[in-house]
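What follows is one structure encoded as structure tokens, with my remarks underneath.
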Amino acid sequence: MTSIDTLWLLLCAGLVFFMQAGFMCLESGLTRSKNSINVAIKNFADFGISVALFWSFGFSIMFGLSQGGWWGTGYSFVDVGGEPTLAVFFLFQAMFCGTATTIISGAAAERLKFSAYLLVAGLASGLIYPLFGDWAWNGLATVAGIETTGGWLENLGFRDFAGSTVVHSVGAWIGLATILVVGPRQGRFPKTGKTLKIQGSNMPFSVLGTLILWFGWLGFNGGSTFGLTPEVPGIMVNTVLAGVGGMLMAGLISLLQDKMIQVEPLMNGSLAGLVAITASANVVMTPIAMVIGATGSAIAYLVGKKMLHWGVDDAVDAVAVHGGAGVWGTLCVGLFGQLPLVDTGLNRWQQCGVQLLGIGVCTLWAFGLAWVFLTLLNRVFALRISPEDEEIGLNVSEHQATTETYELFQVMDRQAKTHDLSLRVPVNPFTEVGHIAGRYNQVMDAFEARHHRSVEDLAQIYYVTAAIAAAIENNSFKADQLGLEEVTNRADELGALARTIQQMAEMLQQRDQELIAVKQQLVLQQQKQHHGNGESVDLSP
């Protein structure tokens with residue numbers, strides 16, 4: 001490996017690492033704000049776990065000296081000192097391991113315990129990913145000077161250029177096993193039989209994440225040549241066009257189905273196109289790349305719809321995008337790959353058969369082992385958070401990380417339960433929630449002031465009524481004792497006082513109704529703003 005090749009692979013490793021930020025933005029924006037911090041920290045933590053385990057023994061299993069094509073040995077706790085080629089190869093592959101692991105995060109978002117997710121991440125990066133990676137990619141280690149004989153799938157002719165199956169499908173199948181074990185989010189599939197759409201908290205943030213992923217994909221596919229070769233520009237063009245094809249197909253489907261172009265299908269469609277081309281970006285012609293991306297997008301859409309029909313709740317459609325499109329992309333090596341470039345010596349039907357074998361083995365291995373492990377673990381250690389914690393949100397229940405919205409709801413809940421009108425919401429004047437909190441405090445100031453005036457008016461009425469009653473009882477009712485002037489007779493006096501009391505009571509009742517209407521209008525605005533996020537606010541008196 002030349003110096004320029006080493007530099008190129010280092011740059012591509014950085015681009016793949018940047019994809020972690022893309023996944024974090026995408027998943028945080030597609031989930032509710034009460035869970036966004038949890039989603040972000042999962043993407044951060046799983047990277048640390050995956051790289052640590054991959055360095056400890058995962059790299060050795062995947063790229064060590066092959067033991068009959070089933071696992072590798074000899075490179076545990078790998079020391080790359082003085083071997084730049086080995087160092088850059090390890091770094092690049094460690095980033096791939098992190099990508100496969102973080103796909104799981106989005107699928108099972110909003111109901112999985114943080115500690116349980118760390119166990120899933122450890123299983124994925126420490127065993128499932130490196131072992132299947134050995135079967136399909138062990139021979140790549142020769143680039144780093146490791147004398148190995150390749151994995152058994154690889155030796156049969158299975159080809160997956162940059163990981164449609166090895167990376168993306170592995171993560172998707174583990175994610176599918178996880179969400180089947182923990183079940184759907186509360187309210188996702190109500191008893192009415194209809195699927196409830198849970199709106200994400202920040203679509204622009206998700207679009208930013210999609211663009212970051214697209215940018216990182218250039219390093220993902222471009223670096224899989226392990227050098228700055230003449231094939232790299234064509235691979236990058238195929239990558240971009242497949243993403244574009246996926247986006248255009250998703251926009252067309254959305255327009256036909258929903259009579260408008262929605263945001264989520266565009267994002268998922270472009271990502272599905274990128275996943276699909278990942279297996280064959282180096283062996284297909286440019287027009288075919290766009291077809292592969294567009295078809296992968298359509299397949300991901302159909303898989304996502306079918307999962308909803310089956311009651312499977314994937315928070316970000318990770319299984320459809322990375323699993324469905326990953327299967328299609330891997331099969332495309334046999335369907336559309338230029339056989340001289342595929343270079344396995346197989347004819348097209350044989351190549352398709354080997355690709356299907358690899359897809360099936362990956363599904364059985366990744367999904368099967370993850371499902372068995374998590375099902376058994378769930379019997380002794382609850383993987384899912386409690387319904388109460390799910391209602392509050394994982395930001396608070398798992399990390400004690402409050403938000404302005406949560407603090408606003410806390411104050412409103414306390415006021416509803418304690419009837420303490422003196423409570424006020426903390427105000428940050430530079431945020432939208434801060435503006436809402438400020439208006440809420442203004443309403444409560446007015447409500448409290450009117451409440452005090454109402455109490456004073458009622459006290460005055462009580463005093464006048466008590467004085468009249470006492471005077472009548474003592475037969476000493478006199479107008480001047482009550483501060484009433486020019487009263488002609490006792491009957492007129494009592495009638496006037498009765499009318500005054502009635503008018504004051506009606507005025508107080510009308511004032512209370514106005515205050516209640518103002519408060520209800522504010523609460524309805526709050527509930528409308530957060531209804532799409534699935535956050536409930538208990539404001540019952």
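Placed from the backbone N, Cα and C atoms, the Cβ positions cover glycine too.
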Select from 161-181, 455-475 the stretch of residues annotated by Swiss-Prot as transmembrane segment.
161-181
Could you give the residue numbers and ranges of same-chain residues that sit at least 6 residues beyond the transmembrane segment (235-255) on either side and whose C-beta is under 8 angstroms from one of its C-beta atoms?
214, 217-218, 221-222, 224-225, 261-262, 265-266, 268-274, 276-278, 281-282, 284, 286, 289-298, 301, 325
Counting only pairs at least 6 apart in sequence, do the transmembrane segment (316-336) and the transmembrane segment (86-106) share 3+ Cβ pairs under 8 Å?
yes
Would the transmembrane segment (117-137) count as touching the transmembrane segment (44-64), i.e. at least 3 C-beta pairs under 8 angstroms with sequence separation of 6+?
yes
Residues from the same chain, set at least six apart from the ends of the transmembrane segment (283-303), whose C-beta lies under 8 A from its own:
159, 161, 234, 237-239, 241-250, 253, 265, 268-270, 272-277, 317, 319-321, 323-325, 327-329, 332-333, 336-338, 341-342
Answer yes if the transmembrane segment (356-376) and the transmembrane segment (6-26) have at least three CB pairs under 8 Å among residue pairs 6 or more apart in sequence, and no otherwise.
no
If you count every Cβ pair below 8 Å, which range out of 86-106, 203-223, 260-280 shares the most with the transmembrane segment (6-26)?
203-223
Tertiary contacts of the transmembrane segment (117-137), as residues 6+ beyond its ends and Cβ separation under 8 Å:
42, 45-46, 49-50, 53-54, 56-59, 61-63, 66, 69-72, 97-98, 100-101, 104-105, 108, 151-154, 158, 160, 165-167, 170-171, 174, 178, 358, 361-362, 365-366, 369-370, 373-374, 377
